[in-house]
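Only one structure is covered here, and it is reproduced in the block below.
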């Protein structure tokens, strides 16, 4: 009996996952995730150099981050660009060096382009959440500016804190020394989860529950790690881009990876936004089913009462007939007595 209950529970759980998957597919088609990802990839490539230039300029403004730029570059290019990271790093560093030599007007233009990317991300995510409200221009600008300026500082501070904690004697001279390499290997995954979680909770205008955002962030981070390994394997084992484009193969490789990355980000957003809708639909289905069952039981009760009253009524009528016959027999008996 217990085994049957466990099997039914597992079956219902798998069916609910399948139903949620179908719900996500309908949302993907309705929101046109592939088109949104292509738009964001295009804007990202246009604003990649400005954002990197702003990041490094913000880090250089704080002396504590003076020796962390190379570590930050290596961390970003090694963990977020699965293939051709060295070539992309060389090109981007050259572009950033050229951009930093520009005039004040050019620097302002770079800032505007970087803000355009953040604005595009904001609009894409809020469209997934079906948000009709809009933020005020001052609020949007302040939020975009905070992300653009404080984001690099927070990333640099986290890397500095991580390197400091790892260098402590507590981790090097105790049994925890074997845990340190495992934690360092898991750092990209942890950073991805934290970044996705912050993105899914802060950017949407609607209120997002923490558990829903955490589920979307975990799925997006796992897909991101799998995507990095799969894309790196494809590029290294099937070098079709290098055979076709030659020295320019880095450009389409970078564009395809940025597109895949944005698809993963939007998939996590769809999961986070679609989960409360699916749970609400399931709740409505249960409530309607319960109401229908209660209505059926109410309609069946009078029918059963009438059925139960049938034999009693027949017995009562039979008794009445007997009583009537007895009453009719009484005058006949009186007449017979008089004749006697």
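Each residue, glycine too, has its Cβ placed from N, Cα and C.
Copied over from Swiss-Prot, here are the features:
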type	residues	note
COMPBIAS	295-308	compositional bias 'Basic and acidic residues'
COMPBIAS	309-322	compositional bias 'Polar residues'
COMPBIAS	323-340	compositional bias 'Basic and acidic residues'
REGION	292-340	region 'Disordered'
TRANSMEM	5-25	transmembrane segment
TRANSMEM	45-65	transmembrane segment
TRANSMEM	102-122	transmembrane segment
TRANSMEM	141-161	transmembrane segment
TRANSMEM	179-199	transmembrane segment
TRANSMEM	213-233	transmembrane segment
TRANSMEM	247-267	transmembrane segment
Dominant neighbour of the transmembrane segment (102-122) in 5-25, 45-65, 213-233, by Cβ pairs under 8 Å:
45-65
Please give the sequence-distant neighbours of the transmembrane segment (5-25): residues at least 6 beyond its ends with Cβ less than 8 Å from one of its Cβ atoms.
270-271, 274-275, 277-278, 281-282
